[in-house]
Amino acid sequence: MLRTMSMNRRPASNNVVATAIVAALVLVAHVVGLSESEGRQPQNLRVGFYSNSCPLAESIVRAVVKEAVFSVPQNAAVLLRVHFHDCFVEGCDGSILIDNGDSSERHAGAHAGVGGFEIIEAAKARLETTCPGVVSCADIVAMAARDAVFLSDGPFYEVETGRRDGRVSNWTLAADMPDVNDSIRTLKSKFIQKGLKDKDLVLLSAAHTIGTTACFFMGTRLYHFNSTSGSDPAIDPRFLPVLKSICPPGVDVNVRLALDAVTEFVFDDQILRNIKRGFAVISSDARLYDNGHTRQIVDLYTQNGTSSKHGKPLSFKADFAASMVKMGRIGVKTGSEGEIRRVCSSFN
């Protein structure tokens, strides 16, 4: 979910990438300080917050998301990504949804390509018809992300609700968003600042199991990685020409490629297997294997058979869900803080 763009259309080159990855994996087969919330459940944030005030809230959101994803499968990744980008700037308060001119947060370079706003707005419109002034846009974003994951064969998890919408939205506040070209040290630091650990970094990055990126984000990794190597040496030599063929010098920067071409529309742990074997598409995913601790976490989730830590079985999907709940607590506004917007793109 690190500045990799939402998905507007099915990439034309996925079959090429998928074929290369699958073929190479066959060959390979032969030869988890200071923080904003520290993951604690904020007061007034709880499962079932709307059970009395708007009992149909979750089912209404789910119906809108289902329509959007069934119509355009790429919308699942779009909705998952907007939740991440919202929570990492001013907390999970719907600030990314505001569109009040060029200064609003959604226009930050760090959010380039993030979308799905019209889907959130559609859900809000239906909720306002049923329960006017009750359900926050921030909660709609969180619920929509969960439903998008579930509709992609991912886990279903309970979403804590009770967030209120923020009253601040400015593009300058997105300066510290995780970036696709960040080092592993920088990525770890940015997650720690939000109360998230290395395990959360790995699991939330694994959201790239669905979605695409654009060639705009591939140039540095493919052609200007450092002074001694034009391309990132972490890229498997069999995969490098595939990536370069899709994103050659001078190509339209909007050309898209799947972040996980093996199972692009299925929420699974394949992205971690790709990272382990040198088939990560974007640099930030590959960086997870640069650090001993994050590498160990990737390895634990990609072991054949039953993986475990300290004698306890690991479940990628269950642990991803737990990290999503934890992320959903970042900087939330509850009680008398913020507001409940009538329209998600505008302050009241």
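For all residues, glycine too, the Cβ spot is worked out from N, Cα and C.
Candidates considered were Cys137, Cys215, Cys247; the recorded disulfide partner of Cys344 in TrEMBL is Cys137. Between Cys131 and the candidates Cys54, Cys215, Cys247, TrEMBL records the disulphide pairing with Cys54. The Ca(2+) 1 site, placed at the center of the C-beta atoms of Asp86, Val89, Gly91, Asp93, Ser95, Glu105, has further neighbours from the same chain whose C-beta lies within 8 angstroms: Cys87, Phe88, Glu90, Cys92, Gly94, Ile96, Gly166, Ser169, Leu173, Gly331. Close to the recorded Ca(2+) 2 site, the chain also has Ile210, Val262, Glu264, Val266, Phe267, Asp269, Gln270, Ile271: residues not among Thr209, Asp260, Thr263, Asp268 whose Cβ is within 8 Å of the site's Cβ mean position.
Annotation for Cys344 (disulfide bond): spatial neighbours Gly94, Leu97, Phe117, Ile120, Glu121, Lys124, Cys137, Ile140, Asp165, criterion Cβ-Cβ under 8 Å with sequence separation of six or more.
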